[in-house]
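**Student:** In case it's useful when we look at the structure, here is the feature table from TrEMBL:
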DOMAIN    41-290  domain 'G-protein coupled receptors family 1 profile'
TRANSMEM  25-48  transmembrane segment
TRANSMEM  60-79  transmembrane segment
TRANSMEM  99-120  transmembrane segment
TRANSMEM  140-158  transmembrane segment
TRANSMEM  197-221  transmembrane segment
TRANSMEM  242-260  transmembrane segment
TRANSMEM  272-292  transmembrane segment
């Protein structure tokens, strides 16, 4: 019993890439750069969506929710990651690990559902444009956003305690740089088949169901676009949806690979790099993909901050795109 409770009193050791010090130094610079870009881009979207009346639409309301989510997600995980990458101390307290696990799971679940909500918004905009403002009224938008946040946090409230309470027989070394559920399950010294089955069942609800709704929405959108006779109209409809599709592909590709298979089905290094991707890359490119090249946002920046800042944001979008291409 004493060995099983050791991790509770002493915390965990996040191994990360400690066996490759040069890689850690390079990762520190990369992670810090992407973190600052994430904060800058997403905070800008939140402020512009609040300050400019032209952006008080359902689309930008959901984008502001996504940006707030990305800021919370990265701030809840990256500072600890930077601390561990920079110095020899790789420890994290039990409470710190529990909080990190809870919010990583919760905010990841929120994003899954929120992306489905945004797909529905695009479906209404393309397939029912004349009724868009009637259907997507502020009350419904608030209810849909609330449902996304509630779903993610409820899922985490089930899985995080179950994962943390697994007996580990004194094992404290987490072969990861975050308190990730697959890594913590892999440390257990008991059979975890039941817990993994529960995780898979909840993943169907929180990951696959939203994905099915997204694909259904875009099936209707594709049919509507094919029915548009004007090439300009088709291009406008596709531009409306292409950003969302790009983010869905980036996010769901890594999430499905991480959480819809047993914890021991892939190498730890694969899991680490996949986690790096959806922890630092996806949140930083979301502002670029969605809005930094958007005419409405550029006009909002011009109105709120002046023409000089428009050129700055255009340059920033090019820099982020170049960094993403290199990654």
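Cβ atoms here come from the backbone N, Cα and C positions, even for glycine.
Keep in mind that TrEMBL annotations are predicted by a computer and have not been checked by a curator.
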**Student:** How does the model score the domain 'G-protein coupled receptors family 1 profile' (41-290) in terms of mean pLDDT?
**Tutor:** 85
**Student:** Going along the chain, which residues at least six beyond the ends of the transmembrane segment (242-260) come within the CB cut-off of under 8 Å?
**Tutor:** 108, 111-112, 115, 118-119, 122, 180-182, 199-200, 203, 207-208, 211, 214, 218, 266, 271, 274-275, 277-278, 281-282, 285-286, 289-290
**Student:** Any residues 6+ beyond the ends of the transmembrane segment (60-79) with a Cβ under 8 Å from its own?
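**Tutor:** Same-chain contacts beyond the ends: 31, 35, 38-39, 41-43, 45-46, 49-50, 99-100, 103-104, 107-108, 110-111, 114-115, 117-118, 121, 141, 144-145, 148, 178, 279-280, 283, 286-287, 290-291, 296.
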